[in-house]
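What Swiss-Prot records for this protein:
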REGION    23-47  region 'Disordered'
CARBOHYD  36  O-linked glycosylation site
CARBOHYD  46  O-linked glycosylation site
CARBOHYD  57  O-linked glycosylation site
CARBOHYD  58  O-linked glycosylation site
CARBOHYD  59  O-linked glycosylation site
CARBOHYD  64  O-linked glycosylation site
DOMAIN    92-136  domain 'Fibronectin type-II 1'
DISULFID  97-121  disulfide bond
DISULFID  111-134  disulfide bond
DOMAIN    137-183  domain 'Fibronectin type-II 2'
DISULFID  142-168  disulfide bond
DISULFID  156-183  disulfide bond
């Protein structure tokens, strides 16, 4: 047992020493000179930056809607962090998500993070540039009855569920669409 403890201490000590970085003091200042804190320059930078005249606002507000003509990227539903303020993206409540919707050839049955940091959904069944950030109210509804492995279910089920959590299908036929959510 003692040899194992010794090997462990050697391994742990070596790991600690490998993580240490050498400290280089640099040039030694002349005796009697005033010390300068690291990173301090004698002069401040003189660069200036021209900002655009428009008023900008961040878009991290939930429930934000953007029409296609305001889209900052080609067919990407995520606005830039600085988007022009307008009447549409200041709206807090908007139309409902169109579930299921198709975006770039893939069908979505719930909000997605595709090309985005935040959850969003399309307002059209075929994505045409009209979209919004999702809220708690934008969750898709369970569809009852639904078919799972050729059996009909009238309510949420725990069959084949991870940790026995109840789930439901988002379409009438799970076997065909594979769309589901936890209840």
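Glycine too: its Cβ is placed from the backbone N, Cα and C atoms.
Feature map: Swiss-Prot annotations on the structure.
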residue : record         : Cβ within 10 Å
97      : disulfide bond : 23
111     : disulfide bond : 22
121     : disulfide bond : 24
134     : disulfide bond : 19
142     : disulfide bond : 17
156     : disulfide bond : 17
168     : disulfide bond : 21
183     : disulfide bond : 13
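Cα distances from residue 97 (disulfide bond) to the disulfide-bonded residues 111, 142, 156, 168 are smallest for 111. When secondary structure is read from DSSP and collapsed to three states, residue 168 (disulfide bond) falls in the strand class. Under DSSP, residues within the domain 'Fibronectin type-II 2' (137-183) fall into helix, strand and coil as 9 helix, 14 strand, 24 coil.
The CA atom of residue 134 (disulfide bond) is located 20 Å away from the CA atom of residue 168 (disulfide bond). The CA atom of residue 183 (disulfide bond) is located 16 Å away from the CA atom of residue 111 (disulfide bond). Counting residues per DSSP class in helix, strand and coil order gives 1 helix, 14 strand, 30 coil for the domain 'Fibronectin type-II 1' (92-136).
Looking only at the disulfide-bonded residues 111, 121, 156, the one with its C-alpha closest to residue 142 (disulfide bond) is 156. Of all the disulfide-bonded residues listed here (111, 121, 156), 156 has the Cα closest to the Cα of residue 168 (disulfide bond). Here residue 156 (disulfide bond) is positioned 24 angstrom away from residue 121 (disulfide bond), judged by their C-alpha atoms.
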